[in-house]
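Have a look at the structure below, then the notes.
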Amino acid sequence: MDRLTITQPDDWHLHLRDGDRLISVIADTAARFGRAVVMPNLKPPVVSVAMALAYRERILAARPAGSGFDPLMTLYLTADTTPAQIQQVAATPEIIGVKLYPAGATTNSEAGVTSLDALAPVFEAMAEHAVPLLIHGESIDPADDVFDREARFVDGALTRLRARHGALKIVLEHITTADAVAWVNETGPLTAATITAHHLLLNRNAIFNGGLRPHHYCLPVLKRERHREALVQAATSAANTGKFFLGTDSAPHSIAAKHSACGCAGIYTAHAAIELYAEVFEDAGALDRLEAFASFHGPAFYGLPRNRATLTLVREPWTVPDTLSFGDELLVPLRAGERVRWRV
Ligand code: OTD
Ligand code: ZN
Ligand code: ZN
């Protein structure tokens, strides 16, 4: 197959940043996806409905001329979030869910949550109003090995949360382990997960290939090959009837922020997102299942219609630029200077 037309896909987990940086990156996403779930980890974080709607207006204004790209906004959960705010979110169709960051787990998560127990009334309100909870699923105990933090979180806090709030819709974001795949499969129809292209394509050797590779550093960090294989299986197999769907977690940082004694976490994939997923599905012999993963399962879980437009991929290798502009700086995209097999 050299040509594949699918229903236009959506990106169910994306970092768009703000200001000049937003203007630099949004065209890559808008050229591929009808909608994207926009993460609220700005500085300062998007903690209120008013902030989310104002951010949405800035995103709409930054779209390329004529683009119908529709940003689906999220609210950043903090210890101060109230059940009344959840009611407001439920009454605001532009906001699709609430994002839980364990405090300190990832980029700009310092304002996140340290005690899930204290937020029980908020989770009850979310269940009552059918507001999904999107979770960065890693433990934050500094004694936990960085490669084990997702499994720790799944086994501990997440299992307790699921047990306590059975009616809550949960999306476990950017899963990276066989443990997370198994948990999502075992926990009923109100639990789903997004999977990134980079966690499907790379294992942790990519961080250390011939030297330290900052552009392969993200959170959750890349894992062992057996975990990558479990993710590919979850995404591409016929058993994926809806629990696993596309979320790039494209997370741009400037070269200066990456090439540093303490480099930022994040991999930029928006420039070739659906093309990279197509490689994964092709290698798994499952190109015919790309559409369900990219375009059907996400809207079904969130209760939204599928996109009406289509997108066509052609097998026509191209070379990714070494750098892309990022505000008044540059970023290094995934596969910089290397080939991508498919083109939109
Ligand atoms: N992971 N980088 C970022 C966020 C994600 O955990 C995430 O969702 C970021 O830069 O915002 C990253 O590595
Ligand atoms: Zn995250
Ligand atoms: Zn993210």
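In case you wondered, yes, glycine gets a Cβ from its N, Cα and C as well.
TrEMBL entries are annotated by machine, without manual review.
Source: prediction; values computed, not measured.
For the Zn(2+) 2 site, TrEMBL gives LYS99, HIS136; the one candidate out of HIS174, HIS198, HIS199 that the record lists there too is HIS174. TrEMBL annotates HIS13, HIS15, LYS99 as Zn(2+) 1-binding residues; of ASP179, ASP249, ASP283, the candidate listed for that same site is ASP249.
TrEMBL annotates HIS15, LEU16, ARG17, HIS136, LEU219, HIS253, ALA265 as substrate-binding residues; of ASN41, ASN185, ASN307, the candidate listed for that same site is ASN41.
Put simply, LYS99 is the one of the binding-site residues HIS13, HIS15, LYS99 whose Cα lies nearest to the Cα of HIS136 (Zn(2+) 2 binding site).
When the alpha carbons of ASP249 (active site) and HIS13 (Zn(2+) 1 binding site) are compared, the span between them is 5 angstrom.
Straight-line distance linking the Cα atoms of HIS174 (Zn(2+) 2 binding site) and HIS13 (Zn(2+) 1 binding site), rounded to a whole number, equals 8 Å. Within the set of binding-site residues HIS13, HIS15, LYS99, HIS136, HIS136 have a CB atom less than 6 Å from some atom of ligand 2.
Close to the recorded Zn(2+) 1 site, the chain also has LEU14, VAL37, VAL38, MET39, ASN41, LEU134, GLU173, HIS174, GLY247, ALA251: residues not among HIS13, HIS15, LYS99, ASP249 whose Cβ is within 8 Å of the site's Cβ mean position. Residues LYS99, HIS136, HIS174 make up the record's Zn(2+) 2 site, and a Cβ search at 8 Å around their centroid adds HIS13, MET39, LEU100, TYR101, THR106, LEU134, ILE135, GLY137, GLU173, ASP249 from the same chain.
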